[in-house]
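Okay, so here's the structure we're looking at.
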Amino acid sequence: MDVPARVSRRAAAAAARMLLRTARVPRECWFLPTALLCAYGFFANLRPSEPFLTPYLLGPDKNLTERQVYNEIYPVWTYSYLLLLFPVFLATDYLRYKPVILLQGLSLIVTWFMLLYAQGLLAIQFLEFFYGIATATEIAYYSYIYTVVDLGMYQKVTSYCRSATLVGFTVGSVLGQILVSVVGWSLFSLNVISLTCVSVAFAVAWFLPMPQKSLFFHHIPSSCHGVNGLKVQNGGIVTDTPAANHLPGWEDIESKIPLNLDEPPVEEPEEPKPDRLRVFRVLWNDFLMCYSSRPLLCWSVWWALSTCGYFQVVNYAQGLWEKVMPSQNADIYNGGVEAVSTLLGASAVFAVGYIKLSWSTWGEMTLFLCSLLIAAAVYVMDTVQSIWVCYASYVVFRIIYMVLITIATFQIAANLSMERYALVFGVNTFIALALQTLLTLIVVDARGLGLCITTQFLIYASYFAAISVVFLANGIVSIIKKCRKQEDPSSSPQASTS
């Protein structure tokens, strides 16, 4: 009588080991990778010197001219980001995230080391290239956590990881402002602190667990799932009983596994090698399917167009502030403005969750109105020669964009699997960067028009105004079509009775 009991316990233990290899136990396994990733995100974004980058480059430390900074150095970041985005997107999935996160940390270290010690135009252009690598590899940070936690934890861990970057950026901005305005530290000292923080982030990244799967190239084979497990689209496992029932001592496993003493132990199948051609074929089919949806296409178009303009305004806002009030002649509050705009934007984003609106009906009109407000904010920032008006307009600009991009993200992600959401996110960002590259090449780059900073912002305001006109026309057409559809059912009975 003891033998079956021992065999039963061995079978239960073997099943438990198999589940531990192929599944993720949300209550026990999610905390460590989430905490490590949040720590990485916090320190990687804790960069007190970033709001003061333009004054630092124009100041005595680097002694560069405005034309060199705006028209020859900053465009390198845009070109690098675009060039690297798609290869990094695929490499992130193929290498399973952690190596790319380490690459991001290393790129940040190189960027801030060069910011401290590199001199000359060419060296700073190389610096911008490494910063482009760091920006392109951000996708690994935001995707990693979905491969090491249970599906039911996605919402919670997403909020934790995004909050970590938000808090890190805000703390860095406030710290930089205090050290400059109150303590009187030099901008060089702020870069030393930034280098230290990104080095800490790089060290933390080494302790991240290596994921066993990814969205596209490294799916968990379905034969490994066992115990009533079904493979879902993101490679995780869904069982027909609650996950909590399996946790305490794995008691539930023993009753679900048929025992056969004559059968040898079952060997776990090896993970199949990724079929690259199949992956690209699936990506292409998903691309066609996703963008054939009119609502998704509408939100994606706004995402790409507005993100292009947002990047341009944020990248060159410090240059406009420097023009309105040179940092050599007065105190500057760039760090405080970045912190305030981030906090108010986060508060507004939180409030979005409580908005009750039929986005299918009024979404395009909302995009029109908010794009028009963004255009007005950028125009005021450019034309009113007051630094405080510039600061206030910038805060309004960032709040509106953060709210709308949150709504767009939700509208796009609501009915997509994780793979398709990652694909749409990557495609939208790539289109935004392609447009930004074109805009930079024509308006900013010294090889193009090489316009002054105030003329650039006038063009950006006109750009957002054009976006608002597009969505106004599209919104009117959509509302008219919807009204006609609502009238058709009521008119058909009248026609039949007559």
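Every residue gets a Cβ built from N, Cα and C, even glycine.
According to the topological domains annotated in Swiss-Prot, Gln68 and Ala422 fall on opposite sides of the membrane. Comparing Asn63, Asn415 with the features listed in Swiss-Prot, the residue bearing the annotation N-linked glycosylation site is Asn63. Residues of the same chain lying 6 or more positions beyond the ends of the transmembrane segment (361-381) and with a Cβ under 8 Å from any Cβ of it are 295, 298-299, 302, 306, 309, 313, 317, 320, 389-390, 393-394, 396-397, 400-401, 403-404, 407, 411, 457-458, 460-465, 467-469, 471-472, 474-475, 478-479, 482.
For the transmembrane segment (129-149), the partner stretch with the most Cβ pairs below 8 Å, chosen from 72-92, 165-185, 187-207, is 72-92. Below 8 A, the CB atoms of the transmembrane segment (106-126) and the transmembrane segment (72-92) form 3+ pairs separated by six or more positions in the chain. Non-local neighbours of the topological domain 'Extracellular' (445-456) in the same chain are 66-67, 70-72, 75, 312, 316, 319-320, 323, 382; each lies 6+ residues outside the stretch with a CB under 8 Å from one of its CB atoms. Secondary structure at Trp112 (site 'Essential for pyridoxine transport'), as computed by DSSP, is helix. Ranking the recorded positions Asn63, Thr111, Trp112, Ser186, Asn191 by the distance of their Cα atoms from the Cα of Gln104 (site 'Essential for pyridoxine transport') places Thr111 first.
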